[in-house]
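K.L.:
Have a look at this one.
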Amino acid sequence: MRQSSLNENEALTTALPSPEMVREQKIYRTFGLTDAEYARAVELLAREPNYVETGIFSVMWSEHCSYKSSRKVLRRFPTQGPQVLQGPGENAGIVDIGDGLAVAFKIESHNHPTAIEPYQGAATGVGGIIRDVFTMGARPIALLNSLRFGELDHAHTRYLFAESVAGIGGYGNCIGIPTVGGEVVFDNRYQQNPLVNAMCVGIMTHDQIATGSASGVGNPVLIVGARTGRDGIHGATFASAEDPHAKERSAVQVGDPFMEKLLLEACLELIATGQVVGIQDMGAAGLTSSSAEMASRAGSGLTLDVALVPCRETGMNPYEIMLSESQERMLVVMRQGAEEVAKKIFEKWDLQATVIGRVTDDGMLRVLEGGVVAAEIPVSALVDEAPLLDRLALRPAYLDELREDAPVLAQPSDFVAELAELLARPTIASKQWVYDQYDSMVRTETFVRPGSDAAVVGIPGTKKAIALVTDGNGRQVYLDPYEGGLRAVAEAARNLVCSGARPLAVTDCLNYGNPEKPEVFYQFERSVDGLATACEALQTPVISGNVSLYNESNGVDIYPTPVIGMVGLIEDRERIVTSEWKMPGDEIYVVGALSHALLAGVGGSEYLALRQPDASLKYRLPTFDLEQEVRLQQYLLACAQQGLLQSAHDVSDGGLLVTFAESAITGGRGAEVQFDFAVQREGRAIESDELLSLFFGEGVSLVVITAKPESAGALSRLANEHQVALTRVGVVASTPFLRVSVDRQLYVHADIWQLQAAWRGAIASWMKH
Amino acid sequence: MDVLAKIYVTLKESVLDPQGAAVSHALHALRYDTVSDVRIGKYMEVTLSAGSEQEAHQLVRGMCDQLLTNPVIEKYTYELVEA
Amino acid sequence: MDVLAKIYVTLKESVLDPQGAAVSHALHALRYDTVSDVRIGKYMEVTLSAGSEQEAHQLVRGMCDQLLTNPVIEKYTYELVEA
Amino acid sequence: MKCAVIQFPGSNCDFDAVKAIEATIAQPVDLVWHTATDLSQYDFIVVPGGFSYGDYLRAGAIARFAAVMKEVERAAADGRFVLGICNGFQVLTEAGLLPGALRRNESLQFRCELTELVVANAATAFTRHYQEGERIVIPIAHGEGNYYADEQTLRRLQTNGQIVFRYAQGCNPNGSIDDIAGIVNERGNVLGMMPHPERAIHSRLGSEDGTKVFTSILQVWRETHAAIQS
Ligand SMILES: Nc1ncnc2c1ncn2[C@@H]1O[C@H](COP(=O)(O)OP(=O)(O)O)[C@@H](O)[C@H]1O
Ligand SMILES: [Mg+2]
């Protein structure tokens, strides 16, 4: 197979620096390889790597591709369960939803590109995650996005936010996959490092599952889709660079959603022929990582000739072709002799499918340029021998300085004004300005559009539907990495349950600062412990995910921000539950320990951040009761499945009053709500702290549900069975007023249309600036 | 003085221009066979007043760098015309 | 001969240009106070070969009228540069 | 009534249109690839929504040159029914089958929401089952739906009753002149509209008000067909 020696190659092919120059001038450092890593590469090769090989090592061993900081920690996640058909390790995870059907999903970050070219950065993030899903043989049916930006009073933040949203919409709308949900949080901690995490969900039959494995000696390897240009060379390396602007050195990729739509259709048609051995999308580190990973999974080798790769630009050398991050490309291994099948299908879609190499059995990734060897590296050296770090983790001092007592906050004289102000905070306000820019309805299966606790999408040809959500709360994870981790998973699952869905599995996007700082690494480890524990308890294994580190600028790290993407199953689409209040006369209940809600305080809450911004990082997060949470969720699910719920909405950002207000606004209905603590308190009057904790605290898992009066008996029987606290607190009114009193004293008497104005218009009015 | 700045923004050569590619393809389908390349960019006309030609140059360059283009993927040229 | 056609497409005067208005607004916010008007159009570079200059003109006009512009809302001018 | 839904590269509401035809009027329907050169067997042709050819250059500008468009033109000339939805409307205006043009939304943003429409002409083949002046809710999803026609054309549309749907007062989502959401050609057999009736055929989707577009056509077709046969 080997056609010429490496020395000849140097002379013959390119004018790239020699291996000696790479060593002597320490060129590897500019690629992001450390001295020790370079030495290790020399050892593994038993010679000095040439320029191309050095480039290949550097991207494969970058944080982005090798997960060298995080890999060990990620092993703590539970990944198994009867529903799991494909766990982590492939392009996307897959869970069974019965009837021979399965759902594939994954979430991925595109934070660094977005910081410097928000439209294209966000757009190509969406493009990448869609490829991950259709690579598995699944038809993408829904997208979600989880976003973090600085505060909107900053012009540059508004630019980043507006362009990112436009880019996400631009890609998803064009390709015809509905964007059905997500979240947006605004906090100055993200001003320099916005987070854009995109999630894609696809549907498939069990027999369509494709994987990214290059097996079968002699099988042809094809590159399909877009031509290769000099886009984003070394993007993977720079994604791990401290300063996102360092990435400017490499070109940012421009996405072509039209091309991807064709690629998607062509690939699904190709996979359906049964002639595909393996298929993998080309994301970070392009041809290099896709080929190495495919060979590694099969324990095989690959020989590729870059001269056969269709290029967009002239004069591209092997280094550039191997490292290009041009979008909308895939690597496909076909059965021998089936090349024509691929070519025919791709021709119909006006796309190229070009054989560029073969599968071998010698475990080598061999790159030729017109038959001449340009690089030759054992696949195992790139993948299995990639560095694995034991980063130092140190408990940050700030955690021990957090105060346990309640912050001193004056009791507001006007709770309605307080509530309106909270509702107008961009993090809490309606995200309609965002999701109206997304086509959330294409495919005509979106039963619950953005705006409820979770989105719900129908499964054609069945009675089933799936519920989808992303959730994360960086400030809470910062205040308590472990408990914050628990909460992130619990909240995602709770949102699914509130829509009537049984949570199935998790995909996670772990966004953190610089892992070389022991304090940041501690946050990472401890929060993963929290996430893992909650996933275990809620029986939602992690089936796919993504890690984004080095979200840091000028020495300031973002909050540790794990984002949880979760999918749940609704067996009967007639049993979907939404969050808006429905009928006057429906009874309102709070599920969960209300008595604790009085005492848990406002630590970690949006309310504290609003009232005392300086104190918002100084008070402890209330502790979280995971067992209680599990029972609460099982109870809600049982209620939903028996059709007892008219609405359900969990208490999250902003606390209980915000939850009431949102259900009132979206339902266009007021309510009469009365809490009665007098008896249990033996007449002692409620204190100001307790009132604030009840109204604005975010410490205790609570869900507000409404039900028809005749359901009362069944609801409380089930509550006894599941040992959860259920308190009837009021009724949905026929007037548009939300009235809330505690121990017979009226605190809130709000016109819901006024609340609506505050809530609905807030982001739009910022964006008019 | 009143100036009309004509600003031409194009994608950098190395950056993919999907729009240009699609149009090129369409022109071929319409039998414009001799077309070898199409790049699509933006054309902006900005009318402004400035104290001097030099200031006009400064202003136009400023707005191009700050707002009208993103140097990561685009480049621009411009002309000034007395308006 | 190889020709580069530089084509400038703008909205007709009678057609509102919301994009221009938005950019103008943004420039004012950035304190470019002397900007009085912004119009935004397209700039296209088409490389082609033609037997003569006259043929090049014909080809470019043809593709502009047929595909590159919509006469209901747009107008265009172009220049030919020897490539 | 035989129905066709055209597929361009980049169409993405093609399957939704098929589903809607099956669900509302249960007539035979085929997906027809853009290279097709014979549509003579079809009575009703839908040019669906999406981003044909990426909507690059201008929405619909490239699709209008697809081979199948000659056949769509022929169908229109024959008096058969053509319905352009969203991108389909853009294609039909670019092709000159309908007057005017669709510009970028005034907000410069893509918009997807349920919009309230008023049926401005309930006498067309496409709106027979609505009441004149009826308010209906149908979703939109577009970035370039801002309808424009010069004054003369607009006046002609108005006097001929060619304006079929208007956005309800105060609900114009894109800046269209005279709140225009959908128009027919003079002959009345070609309708273009930005809102998506195929997305409004079941309460689960938020509205079923789009159903009557399909049932109207079927009824008119049946009447003319019966007339021809007798
Ligand atoms: N970036 C976004 N894209 C799409 N939908 C969004 C986005 N941000 C928020 N939403 C939608 O707005 C609603 C409220 O979001 P959020 O306040 O995060 O809900 P919750 O507190 O229940 O998690 C949800 O339906 C969510 O899907
Ligand atoms: Mg919620």
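Any Cβ shown, glycine's included, is placed from N, Cα and C.
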K.L.:
Considering the substrate binding residues A:Ser109, A:His110, A:Asn111, A:His112, A:Arg131, A:Gln253, A:Glu325, A:Ser326, A:Gln327 given in TrEMBL, which of A:Ser544, A:Ser548, A:Ser553 is annotated for that site as well?
P.N.:
A:Ser548
K.L.:
Listed substrate-binding residues A:Ser109, A:His110, A:Asn111, A:His112, A:Arg131, A:Gln253, A:Glu325, A:Ser326, A:Gln327, A:Ser548 - what's their greatest C-alpha to C-alpha distance in Å?
P.N.:
20
K.L.:
Would you list, in sequence order, the recorded positions among A:His64, A:Tyr67, A:Asp132, A:Asp281, A:Asn546 whose CA lies within 10 Å of the CA of A:Ser109 (substrate binding site)?
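P.N.:
Cα within 10 Å of A:Ser109 (substrate binding site): A:Asn546.
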K.L.:
Which residues does A:Arg131 (substrate binding site) neighbour through Cβ under 8 Å, counting only same-chain ones at least six apart?
P.N.:
A:Asn91, A:Glu260, A:Leu263, A:Asp281, A:Met282, A:Gly283, A:Glu328, A:Met330
K.L.:
Roughly how many angstrom lie between the C-alpha atoms of A:Asp132 (Mg(2+) 2 binding site) and A:His110 (active site, proton acceptor)?
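P.N.:
For A:Asp132 (Mg(2+) 2 binding site) versus A:His110 (active site, proton acceptor), the Cα atoms are 14 Å apart.
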K.L.:
Per DSSP, how many helix, strand and coil residues does the domain 'PurM-like N-terminal' (A:89-204) have?
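P.N.:
Across the domain 'PurM-like N-terminal' (A:89-204), DSSP assigns the residues as follows: 47 helix, 45 strand, 24 coil.
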K.L.:
Could you list the residues of the same chain, at least six apart in sequence, whose Cβ is under 8 A from the Cβ of A:Gln327 (substrate binding site)?
P.N.:
A:Thr124, A:Gly127, A:Gly128, A:Ala226, A:Asp231, A:Gln253, A:Val254, A:Gly255, A:Asp256, A:Met259, A:Glu260
K.L.:
Give me the count of other Cβ atoms within 10 A of the Cβ belonging to A:Asp508 (ATP binding site).
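P.N.:
So the number of other Cβ atoms within 10 Å of A:Asp508 (ATP binding site) is 32.
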K.L.:
Over the span of the domain 'PurM-like N-terminal' (A:89-204), how high is the average pLDDT in this prediction?
P.N.:
97
K.L.:
Please identify, among the recorded positions A:His64, A:Glu108, A:His110, A:Glu325, the one with the smallest Cα-Cα distance to A:Gly545 (ATP binding site).
P.N.:
A:Glu108
K.L.:
When DSSP states are grouped into helix, strand and coil, how many residues of the domain 'PurM-like N-terminal' (A:451-570) land in each?
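P.N.:
Going by DSSP assignments, the domain 'PurM-like N-terminal' (A:451-570) contains 43 helix, 43 strand, 34 coil.
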K.L.:
Can you tell me the three-state DSSP label for A:Glu325 (substrate binding site)?
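P.N.:
DSSP call for A:Glu325 (substrate binding site): coil, neither helix nor strand.
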